[in-house]
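Peer 1: Take this structure first; my questions come after.
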Amino acid sequence: MHELSLATALVETALWQAVQAEAQQIVSLKLRLGTWAGVDAEALRFAFSLVQQDTIAASAQLVIESVPAQFRCQTCGQQTPPPLLAACSHCGSDRWQLQQGRELQLQSMEVV
């Protein structure tokens, strides 16, 4: 369960930022999580609930924004969600590049 190590890193980063801001409490964390990031959002939430205990993030809410995968045809530039077929519907090419959907980013946090 690599979500535990991700949650640990997330909380450690948030705690460091909170100390820098001289905050007393972390209220919420907003995370951008791509659908192709290879991270189970519910497992991450569970791991976060374990790691946040006994810290100034103990009552923090984890808000996860899901980022859908988006591909771009490398031949014609057509943007598309994950292609169901191997060929681009616009030009017939099978050369795709993932443009978004692998994000795992702490977008913002609220502290007091």
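The backbone N, Cα and C atoms fix where each Cβ goes, glycine too.
Below, the features straight out of Swiss-Prot:
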BINDING   His2  Ni(2+) binding site
BINDING   Cys73, Cys76, Cys88, Cys91  Zn(2+) binding site
Peer 1: With every protein chain in view, how many other Cβ atoms are within 10 Å of the Cβ of Cys88 (Zn(2+) binding site)?
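Peer 2: Cys88 (Zn(2+) binding site): 21 neighbouring Cβ atoms within 10 Å.
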Peer 1: For a quick check of packing: other C-beta atoms within 10 Å of the C-beta of the residue listed as 'Ni(2+) binding site', how many?
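Peer 2: Step by step: centre on the Cβ of the residue listed as 'Ni(2+) binding site', count other Cβ atoms within 10 Å, giving 12.
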Peer 1: If you take the centroid of the Cβ atoms of Cys73, Cys76, Cys88, Cys91, the listed Zn(2+) site, which other residues of that chain have their Cβ within 8 Å of it?
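Peer 2: Going along the sequence, the neighbours come out as Gln74, Thr75, Gly77, Gln78, Ser89, His90, Gly92, Ser93, Arg95.
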Peer 1: In whole Å, note down how far the CA of the residue listed as 'Ni(2+) binding site' lies from the CA of Cys73 (Zn(2+) binding site).
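Peer 2: Cα-Cα, rounded: 31 Å.
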Peer 1: Which number gives the other C-beta atoms within 10 angstroms of the C-beta of Cys76 (Zn(2+) binding site), all protein chains shown included?
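Peer 2: 12, counting other Cβ atoms within 10 Å of Cys76 (Zn(2+) binding site).
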Peer 1: Can you tell which of Cys73, Cys91 has the least company, meaning the fewest other C-beta atoms within 10 angstroms of its C-beta, among these binding-site residues?
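Peer 2: Each of the binding-site residues Cys73, Cys91 was scored; lowest Cβ tally within 10 Å is Cys91.
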